[in-house]
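> Pasting a structure below so you can have a look.
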């Protein structure tokens, strides 16, 4: 698996129930434009605001609808046994990968994190993508990632959502250098080209919900060695990522941008998250007009 993977938003109705027709429409759109992978129950999908039953429902619905891209299911939780249960479910429905962020809320030692992932890997067979997002959960150090990948062949890659070129560099040199089949993805739009240049495999990036054409054009230009064009798209993505600075949360930023671009997904976040108002929406609109 390489390329542009989209961590999709979860569409909600005004009453906060899941908007299934909007989900179907969005998955159809992303596959038609040619993204390489679709990731459901992601951070962008507000998985922490979903019940276990809703997460299972979305995973099953996504598996039914995603037919022309790699299919990834998020199974993270602070409860190791629940992660195993959700990961087994992702495996049983035929997902290509399970994406698992570390436990959050309670700080854990590296040994505790190793045990968490070890238990999951030993109880499941599905390929696992580690997800390092230290702003929201316990951090995965490079030595810990290397130890896990050496011990467990099913740990197939990592998504790194942190503003550090050095971390990506070290994962590629120290981990991918030992296991050539290990996949390395950035979670930040502005680091997409950096990651490819360093030898990574792509990105799992939220702005691809509303502007996948930029990510896809960059990836194509890079692979075809049209580097000036790739640099231009990278500059656009760097500017586009400023959308996160405009809004009060990444969820609000993405759903406002989708509204501005004409998607039918409603600008609704589940509590406790809140949407920004008209003033922020107009700033998002101005940014998108400048970049796109």
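Here the Cβ of each residue, glycine as well, is placed from N, Cα and C on the backbone.
On a predicted model such as this, the values are computed, not experimentally measured, just so you know.
Feature table excerpt (Swiss-Prot):
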type     : residues : note
ACT_SITE : 43       : active site, charge relay system
ACT_SITE : 105      : active site, charge relay system
ACT_SITE : 131      : active site, proton donor
ACT_SITE : 159      : active site, schiff-base intermediate with substrate
> Give the distance between the Cα atoms of residue 105 (active site, charge relay system) and residue 159 (active site, schiff-base intermediate with substrate), rounded to the nearest whole Å.
20
> Fill in the CA-CA distance, residue 43 (active site, charge relay system) to residue 131 (active site, proton donor), as an integer in Å.
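Distance (Cα to Cα, whole Å): 10 Å.
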> Would you kindly give the Cα-Cα distance separating residue 131 (active site, proton donor) and the residue listed as 'active site, schiff-base intermediate with substrate', rounded to the nearest Å?
5
> If you count Cβ atoms within 10 Å of each one, which of the active-site residues 105, 131 comes out on top?
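When each Cβ's neighbours within 10 Å are tallied, 131 leads.
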